[in-house]
């Protein structure tokens, strides 16, 4: 794949309104150029998408649907659903899965009312699998199904059960104290299993699953990446079902071909905006932006949602770099005011680089507003405008903190930071497309779902990028704010931040089973948190994608198809 290795040159003077205007020194983040040239993206293709394969997929889907309807054992039904989810093809069978899990939930409720031991399976693995799948799909199930045997009494020999409990524990809420405690006990035993069996070939597949889970639990992983990984693992299992494996591979390649076409179109759009040409300090990350959109919603039916989401990601990246790196305080204050007023008539007051950015923003938001008005019958533009203005206001506050050397405490930082994370703006756009509910239900987007997702992204970003951003002279991030306020060490502050991320996930889990918002929106909000944990797991995957495994993720999802043999 072609790469440009040369460092980008950064403009060092403003776009002067008059020849006499003095030069202004600008900061530079020295972001690397895009690793994905437009011409290369246009060359992407998938040779596995053929007419006979399309017919084969139809037949395989019929076979799997038959399996779902005819599988009798309750544990076997749950295992089939779990396998379909992990392979990334469960979206084809939503009705069958909902029917099965509804029946499981009804039996669970009856057992509770009749005071029957709900740990009826006789083993930890099955109980934890049932718990995880029901919680994952929004059904109410209490932690007491485990009958208290989820702590020090765990059987070290039951690694399959311990792994199942470990995965289930990450669907806890704030009130599930026993379940949350089990994370410590299961993690300890799983790590011991990995160490003891490092040279044991008989336990290879299970050990691989355990290592993968310890790196990041299944509930917090990006579904599409997990499907790519699990298809390979599943193919090595002795109990593999060839029908499921073949469907997963064919479907992955078909969906990838759709994604490739969308990426080509978006790359052309990005090139035509001219933003990276005229604002050469901006991160050129259209491919990474689209990867994030796929992480939020990968299903073929959400093509327009991904297109809109990617454009929003790129506009946010551009504006963030203006505030974070390039703009003077005077320019940023003026830009914020004009965004607040949404006043195109004041365009001439802006320097040239800001004119292009603002006009591009206005055009894209108006287009989104047009489609929502056409398809749903209500005008969302005032809401969208307000969200961009609020985000820019938080960007401006952070710029002022930097210019003045002000050090906010942790609470003050987070009050500003959850909005500057851009998640409220992103999710508001998605809500407009996904739901027919009134926008007022979000409460000016200060809803627990939005706030929790924003907290995850804000803090995951901070944990990954703090050292780099501070090195170039940036505002203190959450880790440094906590250290400065409490006197804690960096390690202690990072552990504290990780704890807050965990609480945010607890709140998202609670909303999944109790919230009245559109279920697709709830899943998208959680997926945005998953994307954040993925992109920033090994470093700044947006600013330096080659150093944080983002490049590998892009290749596996958008470049390389799965071989069928």
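Yeah, the Cβs are placed from backbone N, Cα and C, and that goes for glycine too.
When 283, 346, 494 are compared with the (2E)-geranyl diphosphate site residues 320, 324, 458, 461 in Swiss-Prot, the one appearing in that site is 283. Looking at 1-28, 29-56, the stretch flagged in Swiss-Prot as region 'Disordered' turns out to be 1-28.
Within the model, the motif 'DDXXD motif' (320-324) shows a mean pLDDT value of 95, rounded to a whole number.
Binding-site extent for (2E)-geranyl diphosphate: residues 283, 320, 324, 458, 461, maximum pairwise Cα distance 18 Å (rounded to the nearest whole number).
In this structure, residue 320 ((2E)-geranyl diphosphate binding site) is part of a helix by DSSP. For the pair residue 465 (Mg(2+) 3 binding site) and residue 458 ((2E)-geranyl diphosphate binding site), the Cα-Cα distance reads 11 Å. Take the CB of residue 461 ((2E)-geranyl diphosphate binding site) and look out to 10 A: across all protein chains shown you find 23 other CB atoms. With all protein chains in the displayed structure included, the most crowded Cβ environment within 10 Å among the binding-site residues 283, 458 is that of 458.
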